[in-house]
Amino acid sequence: GWAGGYPEIVKENELFERYYRELGIVPAGEWGDFMAALREPLPATLRITGYRSHAKEILHCLKEKYFKELQDLEVDGQKVEMPQSLSWYPEELAWHTNLSRKILRKSPQLEKFHQFLVSETECGNISRQEAVSMIPPLLLNVNPHHKILDMCAAPGSKTAQLIEMLHADMDVPFPKGFVIANDVDNKRCYLLVHQAKRLNSPCIMVVNHDASSIPNLQIDVDGRKEVLFYDRILCDVPCSGDGTMRKNIDVWKKWTTQNSLQLHGLQLRIATRGVEQLAEGGRMVYSTCSLNPIENEAVIASLLEKSQGALELADVSSELPGLKRMPGITKWKVMLKDGQWFEEWKDVPSNRQTQIRPTMFPIKDEEKLKAMNLERCLRILPHHQNTGGFFVAVLIKKSPMPWNKRQPKVHQKLPQRTGETEVTAANSDNGSECITEEPTLAENEESKKAQELQNSDTEQSKKEGVCGPPPSKKMKLFGFKEDPFVFLPEDDPLFLPIQKFYALDPSFPKMNLLTRTQEGKKRQLYMVSKELRNVLLNNSEKMKVINTGIKVWSRNSDGEQFGCAFRLAQEGIYTLYPFIHARIINVCIEDVKILLTQENPFLSKFSSETQKKVKDMAMGSIVLKYDPDPEKPDDLQCPIVLCGWQGKTSLRAFVPKNERLHYLRMMGVEVFKAKRKEEESESKTEEEVQHRLAQTEEGMDVEDKEHDLVTKMEAEIGEESSHSPVESNAMEIENKIEDLDQSSKNANSHVSQESKDTDTSNVK
């Protein structure tokens, strides 16, 4: 379709075929099917976010409305196949279809379905994610109390899955577990933040480190410092990506064995660092989107060999029934890009020994090899279930790593007080194991010196509840300097009016509230879980945190005259709601429709019950709650909590556009036509927004700069953007102006610099 444009990439690579034919990774007689599948475009797959109470409603809406409209539809002479659920994904929450992105975007018949996907993706109810990419988080067997590390997390689709699993029980606003999502690329960290923020969890922290040397973190356990070990680690390492040929067609012409040889060492270092930080009894999943045993079985075999029995491969053959998989291989050879083969390390000439390393070869000792159970690894081949190629290995840690066996000093220094539960027992209950490992000697020496230098400053900061970025002398910083994380002091006068206005429950964890500014007015209040607060306060000097916490309150200058300067934020309302005992209005479904379709409706438009409740309530921020009626099965059957504002004569909802459209869809309201009309008047409204924003003080809060950066990056990377055009109404204009944060004056320059410097050529 490119008239006079780029020539079409030829999907042939002789070296690729020669290499994998020789290794025998494909069963006899299936090579033709394997290559044919690689040349076909990858089916689009989507996943409904499983922890939301709305997941069943979205599934019902998809099946009963959108999928039915696709029946007997033809596009460009091609019959549109009905989407099918992935048989191995639990509860029908993942689906695939033969609709390519090009068809989805350009076909008028599918415009409504495409708009639904984009809008639901933006508000976090659907993730568009490759099928094989969904496997590693499922095999981690996450429970809500698990401490999880995602080592190479960007762009974040697997991280989102992990967050969902933490929130399996929606009635628990603060699970005991958390996810620390790391990526080495500062710019890609903002894609990660964007993905994670759609899920509105107080239990996620995004950090920016080299995964192969990610620092040991410490936490406070009953007044003692202990090293943090993770119950679950996802190690989805950078790879050559030859399993992604169906969507990244550049791989066809660029593929060479050199890529794998160069990455093997890094992959092994990252996996080694992962198992060092894994708790005993914990589970680590190692995965790549590569078919090459140099990046897969060779890394696992090397890790198992040097662990001396501390690690074992888990047998997951009974997990994910319905998933077609091949066993890991035990024999392979190494090939250079010129086609030269080597079967053993001793055959490698000295001038090639920097390119080829001993760990790349299979273990020769048959007994050792058998004990490793490499066949327990999973190989996913493209032609078996119409997917990409993938490799997964699940490792269990049985004992400390042999190079890391010394007892931590905290155990020697501080004996247990009588009458208290033993720390090991308490840790076991919340998913951790007894700590028997410690950072390596070099790290200990380094931390001792650092501790002496930093001790007084750190202690002072901790007393004030300030977690700033790490000092530049201790770490080479990439990207721009992040704003500090400042926890609200116990006696902060800011909190009392909020507590009184919303009648917050005495159990409300106010110590977990934080801001991103030390000076000036606090514009936004964020919230993290107790466990993440512990991590933040004890590691600010060694960890570069990009983002954590969800926004729960925003300053509203109009609110002060009504008794509270802070209005509720929709993204944090499901976390806050269990603690709020005042200013709640229960509304019927008709009231919800009015709130979501009209900009600032008069009170007279609402039901008489709602009018009565509002009559005696002071003006200001309110909670609007809809509870489903089981006796009316045709109505929406999931609860809704909305943030609103009560004026003198009106009642409005403060809900982002895509979330508003989501709720309307779930209630059966046709939003597509209305949306088209809004888009026609969009450019005029946008000019008004820009004019009003220009009159405000310069500066943006951390979320604004992240959003701008993410938008630019998504355009540059060429990934499917989940943003639909921004439609602004008076409510949204007001929000934008209220939410400007004057504390981050340098954000604009940062964003422009980031977009200039963005290099996305090394996307995993």
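Just so it is clear, glycine is given a Cβ too, placed from its N, Cα and C backbone atoms.
The active site, nucleophile annotation in TrEMBL covers Cys289.
The S-adenosyl-L-methionine binding site annotation in TrEMBL covers Cys152, Ala153, Ala154, Pro155, Gly156, Ser157, Lys158, Asp183, Asp210, Asp236. Of all the Cβ atoms in the protein chains shown, 24 others lie within 10 Å of the Cβ of Cys152 (S-adenosyl-L-methionine binding site).
If you look up TrEMBL, you'll see 424-433 (among others) marked as compositional bias 'Polar residues'.
What TrEMBL lists as compositional bias 'Basic and acidic residues' is 675-695 (among others).
For 702-715 (among others), the entry in TrEMBL reads compositional bias 'Basic and acidic residues'.
Under the heading compositional bias 'Polar residues', TrEMBL lists 743-752 (among others).
Annotation source TrEMBL lists compositional bias 'Basic and acidic residues' at 753-764 (among others).
Per-residue pLDDT, averaged along the domain 'SAM-dependent MTase RsmB/NOP-type' (34-398), amounts to 91 for this model. According to TrEMBL, the domain 'SAM-dependent MTase RsmB/NOP-type' annotation covers 34-398.
The region 'Disordered' feature in TrEMBL is assigned to 403-470 (among others).
Per TrEMBL, the feature region 'Disordered' maps to 675-764 (among others).
Packing around Cys289 (active site, nucleophile) is summarised by its Cβ count: 25 other Cβ atoms lie within 10 angstroms of its Cβ, all protein chains included. The full span of the recorded S-adenosyl-L-methionine binding residues, Cys152, Ala153, Ala154, Pro155, Gly156, Ser157, Lys158, Asp183, Asp210, Asp236, taken as their largest Cα to Cα distance, is 20 Å. Just so you know, the Cβ of Lys158 (S-adenosyl-L-methionine binding site) picks up 25 other Cβ atoms within 10 Å once every protein chain is counted. If you take the Cα of Ala154 (S-adenosyl-L-methionine binding site) and the Cα of Cys289 (active site, nucleophile), they are about 14 angstrom apart, rounded to a whole number.
Listed in sequence order, the residues of the same chain lying 6 or more apart from Gly156 (S-adenosyl-L-methionine binding site) and placing their CB within less than 8 Å of its CB are Ala181, Leu191, Leu192, His194, Gln195, Ala196.
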